[in-house]
Amino acid sequence: MASWAEPSEPAALRLPGAPLLEGFEVLDGVDDAEEEDDLSGLPPLEDMGQPTVEEAEQPGALAREFLAATEPEPAPAPAPEEWLDILGNGLLRMKTLVPGPKGSSRPLKGQVVTVHLQMSLENGTRVQEEPELAFTLGDCDVIQALDLSVPLMDVGETAMVTADSKYCYGPQGRSPYIPPHAALCLEVTLKTAEDGPDLEMLSGQERVALANRKRECGNAHYQRADFVLAANSYDLAIKAITSNTKVDMTCEEEEELLQLKVKCLNNLAASQLKLDHYRAALRSCSQVLEHQPDNIKALFRKGKVLAQQGEYSEAIPILRAALKLEPSNKTIHAELSKLVKKRAAQRSTETALYRKMLGNPSRLPAKCPGKGAWSIPWKWLFGATAVALGGVALSVVIAARN
């Protein structure tokens, strides 16, 4: 990201050539060195009037040279621990190259920081430089190596950070510059740290710009299969859209924010599906459908969530509604066909279970479990009633003869 207004590739973690979620399956402290004692500031010794014995018997020049040669040299100050192991696992380390000015402070979570970043591979190959990279600290807008190391720096400080690939671009890398599983060296200068924007005082266009930045970060995390961070970024985007405002907005701005909210909710649902958070995904889809009942992506994902929960009878009509809106969509066709087969298998299993419960599976018709379940009890009931009535009549006849 070259500036705060328009984040560039490193800030947004975007993978070149990655789709922007249009499909259904895809979205869709360092110690200072000890200094020697400085005696220049001490007050002068008082004049005692008469020299002491030691003063009266000062050694000559040869003696002074001998004493100087035989005096042990002062022990050097212990070297400071240069590298800070940030997480204690040796995979993310930081060393101060240039300390910050005296009195400078460290940034806080939620502040907007601006850094000068130089990124290199372990062999020294420079792969990226950002003179003015701005991001919100703690919002996961950048790679974790930056988000974890910058809070330990003073404003004005320059530090070297070495990071394992898991805190950078992971197993996917970032083609064509950063190969998969690549550890990186980051030279970071913390230039400024300012409080984040007051959401209530943002104009409509400022809200749109902020929400779009968070959404793009979420898309980049999703492409790297980091669905937890993706969901976090989409949540932040939705918060920027839906938070209270003290600024009047035009109808066009409100409509633009609504469309952006729908996109973020759809992408959030996709991330929640990947994390198997079905109830949360169902809520996200339902919120989309409240605004846009014919939103195909929301219908598709809602049907898929219900299918994952085994609710095939509810999922199939929803997918059919989505297919009716877009009959040529092969993804919906395939999912619907799969669910129809699963429902048929589910019904077959239920029928077999009913037969087993009734204890006479051979006499029960497979196509009409309800009728078969009641046919035998009613026949026995009528037969037993007839026998009982016959017995009563016979008793009456015998009693009359007697």
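Every residue, even glycine, has its Cβ placed from backbone N, Cα and C.
Lifted from Swiss-Prot, the feature list:
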{"type": "COMPBIAS", "residues": "28-39", "note": "compositional bias 'Acidic residues'"}
{"type": "CROSSLNK", "residues": "Lys239", "note": "ubiquitin cross-link"}
{"type": "CROSSLNK", "residues": "Lys261", "note": "ubiquitin cross-link"}
{"type": "CROSSLNK", "residues": "Lys263", "note": "ubiquitin cross-link"}
{"type": "CROSSLNK", "residues": "Lys274", "note": "ubiquitin cross-link"}
{"type": "CROSSLNK", "residues": "Lys297", "note": "ubiquitin cross-link"}
{"type": "CROSSLNK", "residues": "Lys304", "note": "ubiquitin cross-link"}
{"type": "CROSSLNK", "residues": "Lys324", "note": "ubiquitin cross-link"}
{"type": "CROSSLNK", "residues": "Lys330", "note": "ubiquitin cross-link"}
{"type": "CROSSLNK", "residues": "Lys338", "note": "ubiquitin cross-link"}
{"type": "CROSSLNK", "residues": "Lys341", "note": "ubiquitin cross-link"}
{"type": "CROSSLNK", "residues": "Lys342", "note": "ubiquitin cross-link"}
{"type": "REPEAT", "residues": "262-295", "note": "repeat 'TPR 2'"}
{"type": "TRANSMEM", "residues": "380-400", "note": "transmembrane segment"}
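Positions of the features from Swiss-Prot, shown on the structure.
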residue: Lys239; record: ubiquitin cross-link; DSSP (3 states): helix
residue: Lys263; record: ubiquitin cross-link; DSSP (3 states): helix
residue: Lys274; record: ubiquitin cross-link; DSSP (3 states): helix
residue: Lys297; record: ubiquitin cross-link; DSSP (3 states): helix
residue: Lys304; record: ubiquitin cross-link; DSSP (3 states): helix
residue: Lys324; record: ubiquitin cross-link; DSSP (3 states): helix
residue: Lys330; record: ubiquitin cross-link; DSSP (3 states): helix
residue: Lys338; record: ubiquitin cross-link; DSSP (3 states): helix
Item to check | Cα distance (Å, whole number) from Lys304 (ubiquitin cross-link) to Lys338 (ubiquitin cross-link) | outcome: 11
Next on the checklist: Quick check for you: of the recorded sites Lys239, Lys261, Lys274, Lys324, Lys330, Lys341, which have their Cα within 10 Å of the Cα of Lys297 (ubiquitin cross-link)?
Outcome noted: none
Checklist entry - Using C-alpha atoms, which one of the recorded sites Lys239, Lys261, Lys304, Lys330 comes nearest to Lys341 (ubiquitin cross-link)? => result Lys304
Checklist outcome for this item: Candidates Lys239, Lys274, Lys304, Lys342 (recorded sites); nearest Cα to Lys263 (ubiquitin cross-link) turns out to be Lys239
Item to check | Other CB atoms within 10 A, centred on Lys239 (ubiquitin cross-link) | outcome: 14
Item to check | Neighbourhood of Lys274 (ubiquitin cross-link) by C-beta distance under 8 A, where only residues 6 or more apart in the same chain count | outcome: Phe227
Checklist outcome for this item: Lys342 (ubiquitin cross-link) and Lys304 (ubiquitin cross-link), compared by Cα position, are separated in whole Å by 13
Item to check | Cα-Cα distance linking Lys324 (ubiquitin cross-link) and Lys261 (ubiquitin cross-link), given in Å to the nearest integer | outcome: 25
Checklist entry - If you draw a 10 Å sphere on the Cβ of Lys324 (ubiquitin cross-link), how many other Cβ atoms land inside? => result 12
Next on the checklist: Rounded to a whole angstrom, what is the C-alpha distance between Lys239 (ubiquitin cross-link) and Lys304 (ubiquitin cross-link)?
Outcome noted: 26
Checklist entry - What same-chain residues, at least 6 away in sequence, bring their CB to under 8 Å of the CB of Lys304 (ubiquitin cross-link)? => result Leu273, Ala315, Glu335
Checklist entry - For Lys330 (ubiquitin cross-link) and Lys324 (ubiquitin cross-link), what Cα-Cα distance in Å is obtained after rounding to a whole number? => result 12
Checklist entry - Once the chains shown are all counted, how many other Cβ atoms turn up within 10 Å of the Cβ of Lys297 (ubiquitin cross-link)? => result 24
Item to check | recorded sites listed as Lys261, Lys263, Lys342, least Cβ neighbours within 10 Å | outcome: Lys342
